[in-house]
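What TrEMBL records for this protein:
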| type | residues | note |
| --- | --- | --- |
| COMPBIAS | B:288-297 | compositional bias 'Basic and acidic residues' |
| REGION | B:288-328 | region 'Disordered' |
| TRANSMEM | B:26-46 | transmembrane segment |
| TRANSMEM | B:96-117 | transmembrane segment |
| TRANSMEM | B:137-161 | transmembrane segment |
| TRANSMEM | B:173-195 | transmembrane segment |
| TRANSMEM | B:202-223 | transmembrane segment |
| TRANSMEM | B:351-371 | transmembrane segment |
């Protein structure tokens, strides 16, 4: 296997044009990103941000884009590249006339895999998505959650090196969601690159190594979870016992107040060291110290609202 | 890790096409109807002089049956057995399957392409490492499989039933199955074309029916024009033009109509020729040259494809005089057309040209559909 990047996009733009006058809207605007091998890559953005369009360009489902888009070093929409890719679209539909098992076989064979090879693996994938019991029922008899789980297995049955999952837990019950998270974790362990598109920030937070926030076709921010959810500057100290009154006075002189057993202040590392020294010198036992961080939701809302204001 | 193999993709597309056809409700209904017809040919035996029910359990003589309905026994080169059996073959295969069945099949398969292009399903399908052309072609072939299964079952089953129960074997009848598939292949190309452009089953269905109507109409208009040309029907018109007696507006209109019919005839698939091709192929299968000649003559006498007008009907049109029957048939464009067409005929009447030009149309329709499909963003 080559060391090429599973996914690379440079200055990718796409404008949907409709109607006689060819009016349209800019779905993607000079997007550039690269996904490393074995990463779980999260794509976040409000509705209409261009997340699904980006996936569709990469899979050859959208036409009329400009820029550069590659999968495994091959131009996007190249059939050879798609052979190594699995895709679970948002609101997907599976052939209603097939059973779950036959659907996996069909999709696996459409990716060029042998029937015999597939028949060994299909039961394993059905088990992973908890669909063994209903595998021989027709798709048209499945609930939305069941279709989602079979859809996920169908996207993975040919054992691709890169998987695009567009809202994979949509319509799935909490147990099913846990099973899907487990599958994604397993994929990561196996070195499969996962490109996850989800509205559920908690899921992205739990599963992704790298995150991109997209809005109105532009990348607003990208980086690891650590990089995105930066410090707010606030430090929280929890004491094991009430501080003595003279310490309260000394802290008040520095405009710090103790609320019960908690102490909260804004400061960099020297400030933190100073406070800790004072507490310890006064014989206070410290239970915990932590820096407050933005959670992904705060970052996301700030960025998207900020982008809206700028626009 | 299993490697990518193109043959696996082809197998998958074929399996999907078969599954889609077998799941289709209209297909099942038509299969049941075909099974009933086939069962009838097993249950009822048409012997030399009588009809046998369930292997001879009951017997009814033709003469009694005809007289019961106040009709006279047909006379001529055919035996009663052959007359009844060819009537049944025509009724069930040429009329029921060839007209009604084909329309049902169009209705049942028109959704194949629009369904493939529906949001959600298209994303899944077109993201696979399969070209758009292959997917389009697989849907077209699925439609052909649909009719191929049904016609093979109906024609093959009837042939077997008639051979066993009636002791009458006519292998030339088997050509009808191939012709049904050929006819459907021509019409189904419209369905694929319109299905790709409109992405709507209803629109594709209505447009296909309309196109089938136009194609048949154009061909049926072209035949009398050619006959008129050959028999000098336009001479009077030309003469009046030369003498300045004609109306210029009317002339332009008539010329325009003729030119349109002729142009469209050469462009559109020649669906009407299917029955003439079948009749000719059936004659060629007959091993006995005498019998083949007799059949061909009978066909020629009966009129277009042997099904529109009987020789008697032709006689009655001409005033009921048998001697004028032939002349009447000569004035019938479809009888005239039947005498003109053949494998060795001149280009406009040549079966090879008819098939080749129709297949070119099918290729062009599928090519246009593919060009459209390439431009679709899902």
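Glycine residues also receive a Cβ, built from the backbone N, Cα and C atoms like all the rest.
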- Note on the structure: Answer key: the stretch among B:26-46, B:96-117, B:137-161, B:202-223, B:351-371 with most Cβ pairs under 8 A to the transmembrane segment (B:173-195) is B:137-161
- Task: Determine whether the transmembrane segment (B:137-161) and the transmembrane segment (B:202-223) share at least three Cβ pairs under 8 Å, counting only pairs 6 or more apart in sequence.
- Result: no
- Task: Residue list, the transmembrane segment (B:351-371) vs rest of chain: Cβ under 8 Å, 6 or more residues beyond ends.
- Result: 113, 132-133, 136-137, 140, 182, 185-186, 189-190, 192-193, 195-197, 266-271, 273, 276-277, 280, 341-343, 345
- Query: Mind checking which residues reach the transmembrane segment (B:96-117)? Cβ under 8 Å, same chain, six or more beyond either end.
  - Reply: 20, 24-27, 30, 37, 125, 135-136, 139, 142-143, 146-147, 150-151, 154, 176, 180, 183-184, 187-188, 191-192, 195-196, 198-201, 204-205, 208-209, 212, 275, 369, 373, 376, 378
- For the transmembrane segment (B:202-223), find every same-chain residue at least 6 residues outside the stretch whose CB is under 8 Å from a CB in it, and list them. 103, 106-107, 110-111, 113-114, 187, 190-191, 194-195, 261-262, 264-265, 268-273, 333-334, 336-337
